[in-house]
Structures are given as structure tokens and as C-alpha cells.
Amino acid sequence: MGNPRTASKKKNEGADSELHAAARAGDLPAVQRICSSDPHAVNSRDKHSRTPLHLAAWSGHAEIVSYLCKNKADVGASAMDDTGAIHFASQKGHIEVVRILLSFGVSIKSTNRKGMTPLHFAIQGSHLELVKYLIRKGANLSSKTKTGETPLDLIKSEEMRSLINELEQSLKNKDQTTRSRTDEFPLKPSNAEDVKDVHAHGSCDQVDTDTDIDTDEKREKRKGDDDITQDSLPVPDAKKTKVSLAHLLAEDDIEEEL
């Protein structure tokens, strides 16, 4: 009799190999079927420590990459040499796969063990459209590998060099235009006061609290003003109260006549 644990291991390896093969081949129905029957297979590894996501990214199967990401694939998993799915996709110039991976939180600055970024791989492979996309998304042209190479050091053609020069100039012009517009259209006084007030108080909640305090202070001030006003009013003098003597005079007149 064989060892049940060994048999189970071989069965799992067979399922994992099947999923890797389906992901590499772009067989979405097979990928869906395997993941449904064995959800843990989504992050299984082959002998090179690659996951199904790595192979789908390498092969450029965007639909499968999206499906795997939505079904708990580890988007940051690294194969040998710390190469991630975004590096595999960048080596082959699969721009749509790169877009999907970035949308699921993969960093555009991620590096493998040699310090290679997606931009390094894209330029090294002369993938013009991907290079353009990565630079516009903020990829760093000054990032260095372990051997001190920047993406610019990996340029192989004048076409690529010309493209990067154009992109750099375009980004500089865009920054200058943005600064010019900011200088030309400063904040309106009312808006500036709002911003100043928010910064002064730190947060909206604090602004509300301060407003309540101001209201209480104003209420106390009004109360004090009312007290001052009442104190300043002349108080009627009880001793000087005018009393009508007409009826007394009338009585005296009557007595004299009698």
C-alpha cells in the first residue's frame, strides 16, 4: 500500500500543475473550474516558485490575470530572484496586464532581487507603449539596480531614447503649465479664508467645536452687555415720587368757603 499522505501530495501537485498549465495557455474555463474546486490552488507554486498568476502575466492573458486577482491570488508574490507578476508582464510588454496589476495594488516601483523595476524591464525589451505608460504613471527614470544601472542605461535604440526625451519634456511642460495656472488663478479671497480657517483649526470637527466656543463667548458677552445697560439706566427715586395734591387743595378751598 502506498502512503496516503504521499498520494495526496501527488494529487495536489497534479492539480497545481494543471492550473499552471491552464493559466499559461489562457484557458479561462479550465482556470475557473480548478479554482472553484480547489480555491487554495490559486497561489500554488511550481518548481521555479512561480504561481499561476506569474505564468498568466508572462503569457499576457489579461482576462485570466483579472480573474485570478479577483479570486485571492497574491498579487505581490515573488518567484525565484524575487521576480513578481508585474516584472514578468513588463518583460514581455503586456501593457493591459500591467494596468490590471497596478489596479489591484501592485507598486510601480517594485523591484526584484537585482533591483530591476518594471520600467527597467520595459526599456530593456524595447516595449515603447509600455514604457510610455509607465512613465506617465510615475515610474522613476533614476531608479538604480544593484549594479547602479538606471532604466536609461538599458536603452538599445535611438527610437527609445527619442521617445523618453519627448516624454520627459512633455512632463516638464505640464508641470510648468500647472504652476503657471496656479499663479494666474490664485484662490479667491473667500476660498482663501476658508482654507486658512480650516488649516488654523486643523479639522472640520475642530472648527465646529471652536464655533460653539465662540457662540458661548458671544452669549456671555451679550449677557454682560445687557447687565451693563441695565445698570446704566437711571433708577427711579422713591423719595421724589410725584403725588397729586389736587384733591387736598380742593378740600381746603371748600372749608374756607364754608
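Backbone N, Cα and C atoms are what each Cβ position is placed from, and that goes for glycine too.
Features of the protein shown, as given by TrEMBL:
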type     : residues : note
REGION   : 1-24     : region 'Disordered'
COMPBIAS : 10-21    : compositional bias 'Basic and acidic residues'
REPEAT   : 48-80    : repeat 'ANK'
REPEAT   : 81-113   : repeat 'ANK'
REPEAT   : 114-146  : repeat 'ANK'
COMPBIAS : 169-202  : compositional bias 'Basic and acidic residues'
REGION   : 169-241  : region 'Disordered'
COMPBIAS : 216-226  : compositional bias 'Basic and acidic residues'
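Below 8 angstroms of C-beta separation, residues 19-20, 22-26, 28, 31-32, 35, 39, 41-42, 86, 88-89, 91-92, 94, 96-97, 100-101, 104-106, 110, 112 of the same chain, each at least six residues beyond the ends of the repeat 'ANK' (48-80), sit close to that stretch. Helix first, then strand, then coil: DSSP counts for the repeat 'ANK' (81-113) stand at 19 helix, 1 strand, 13 coil.
Across the repeat 'ANK' (81-113), mean pLDDT in this model comes to 98.
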